[in-house]
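TrEMBL annotations:
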| type | residues | note |
| --- | --- | --- |
| TRANSMEM | 42-63 | transmembrane segment |
| TRANSMEM | 69-89 | transmembrane segment |
| TRANSMEM | 127-148 | transmembrane segment |
| TRANSMEM | 169-187 | transmembrane segment |
| TRANSMEM | 193-214 | transmembrane segment |
| TRANSMEM | 234-253 | transmembrane segment |
| TRANSMEM | 273-291 | transmembrane segment |
| TRANSMEM | 326-344 | transmembrane segment |
| TRANSMEM | 365-383 | transmembrane segment |
| TRANSMEM | 389-413 | transmembrane segment |
| TRANSMEM | 434-456 | transmembrane segment |
| TRANSMEM | 476-496 | transmembrane segment |
| REGION | 520-559 | region 'Disordered' |
């Protein structure tokens with residue numbers, strides 16, 4: 001027992017068993033002093049997140065599928081322009097009440113029903129951590145080769161069954177290792193990493209862009225290459241490709257409250273995200289198109305991977321200037337991949353795993369678990385074993401879109417911005433989020449419906465033969481999953497209303513904690529007087545340490 005007590009993230013003495021299962025410091029509302037993400041931090045976040053190998057190559061699959069460069073670029077603009085409002089919508093509860101995705105999920109799926117959602121998202125974050133680290137390992141190897149060309153001649157001491165060579169393993173391990181310190185920092189401080197990345201990566205991208213144009217003596221032939229799709233084929237081709245942009249953002253869309261919970265003001269998580277997402281991703285993908293087009297003029301073939309292109313620059317005894325240029329750009333990609341892994345995977349996994357065992361796991365420990373699992377799954381084998389593996393991971397977004405559909409509907413249409421913060425951390429049977437033994441069957445029926453409408457097309461995405469109608473539905477999987485779960489959840493709440501829900505006609509939309517415990521500024525409250533922010537009718541009163549919920553000086557305990 002002493003060993004278990006030492007493993008606890010915080011002292012559980014005086015807490016009931018249910019309380020240790022529902023809360024710790026990272027699950028409690030974020031206190032005011034940790035709400036440090038301002039407008040510029042969210043802009044830097046998306047600049048940083050957009051600059052990575054996947055975004056660089058996002059237009060490549062579209063052009064290879066038969067679109068012209070400008071058609072592909074329009075798809076990128078529309079895709080990310082459409083997904084940005086959904087990110088803002090799902091981030092709103094986090095920005096108002098300063099709670100993370102696992103706690104927001106409790107409002108719709110129930111105190112215990114939400115655990116499946118967080119496990120789902122957390123498991124995929126661990127897998128994606130390994131995949132992104134594997135890509136980062138290739139960036140690290142190119143950077144090392146630019147400094148020490150002889151590293152390319154390291155003999156391979158690993159068997160073929162390893163699926164990786166010694167020099168590739170060196171790059172992967174170094175990338176994985178140097179990423180570990182970034183996991184240590186709490187979410188409200190990690191914004192500085194994104195600021196650094198936002199300064200370095202655009203410079204490197206611009207250098208790469210100009211360098212390739214000069215080297216190719218022009219922008220290359222891809223810019224003049226016409227599309228091969230026409231008529232309805234072109235229409236569905238563009239729909240499918242813009243939907244791929246939306247699906248690639250499903251993970252960040254689902255856990256949008258994680259970062260929004262650190263917003264200094266609600267507006268900080270609104271306009272910066274709404275405009276930065278389409279702008280930054282479109283610019284990076286455009287640079288990727290031009291660089292790849294230039295590579296065809298240089299080497300006679302289009303090199304879509306920027307890392308492969310940089311590696312080719314190091315062939316045939318490059319000059320010192322070339323080696324330095326490759327080193328700097330590869331270094332920028334290393335920073336880019338670290339930032340992407342932290343934002344999309346490490347923090348997400350940390351928040352999600354925390355909710356599963358809050359007594360022993362916090363965000364930091366959860367992040368390190370993701371790093372260990374990401375290494376142990378041998379991600380290079382997953383990428384090499386099947387061309388459809390990344391497609392499968394992207395296809396998994398259908399499950400996340402159904403979760404997001406339920407969460408958005410709950411906040412905006414069912415309880416219309418009204419929260420009972422006390423009930424999010426309390427298992428008493430008359431609490432809003434207890435539902436049926438802690439599980440909201442309405443949410444799960446809607447969630448399953450959103451999956452079922454896409455399940456046949458999902459099978460097709462993994463290589464099976466399915467009807468064309470199922471394929472078309474699945475090509476719009478985000479909207480079909482999100483929309484179906486939204487409609488079913490609304491209907492079920494009309495038939496089986498919940499306290500404070502749409503069955504109460506007098507309820508109008510207002511973002512307020514009616515339990516009078518917490519306000520949007522991240523302070524505890526005493527019920528009964530006016531709040532300056534207008535988001536709660538209560539007087540602000542400082543919360544106890546760590547942001548734990550208090551009311552009238554007493555800890556909230558199970559009744």
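Positions of Cβ are set from backbone N, Cα and C atoms, glycine also.
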(message) Using a threshold of three or more Cβ pairs below 8 Å, and leaving out pairs closer than 6 in sequence, do the transmembrane segment (326-344) and the transmembrane segment (193-214) count as in contact?
(response) yes
(request) Taking the transmembrane segment (273-291) as the first stretch and the transmembrane segment (476-496) as the second, find out whether 3 or more Cβ pairs fall under 8 Å, excluding pairs closer than 6 in sequence. (result) no
(request) Could you pull out which residues elsewhere in the chain have a CB under 8 Å from any CB of the transmembrane segment (169-187), counting only those six or more residues past its ends? (result) 34, 133-134, 136-141, 144, 151, 154, 158, 162, 193, 258-259, 261-262, 334, 337-338, 341-342, 346-347, 350, 363-364, 367-368, 371, 374-375, 380
(request) For the transmembrane segment (326-344), name the stretch out of 42-63, 69-89, 234-253, 365-383, 434-456 with the most CB-CB pairs under 8 Å. (result) 42-63
(message) Counting CB pairs under 8 Å, which listed stretch among 69-89, 127-148, 234-253, 434-456 touches the transmembrane segment (365-383) the most?
(response) 127-148
(message) Which sequence-distant residues neighbour the transmembrane segment (69-89)? Criterion: at least 6 residues beyond either end, Cβ under 8 Å.
(response) 58-59, 62-63, 222-223, 225, 227, 234, 238, 241-246, 249, 252-253, 256, 269-270, 273-275, 277-278, 281-282, 285-286, 289, 293, 404, 408, 412, 478, 482
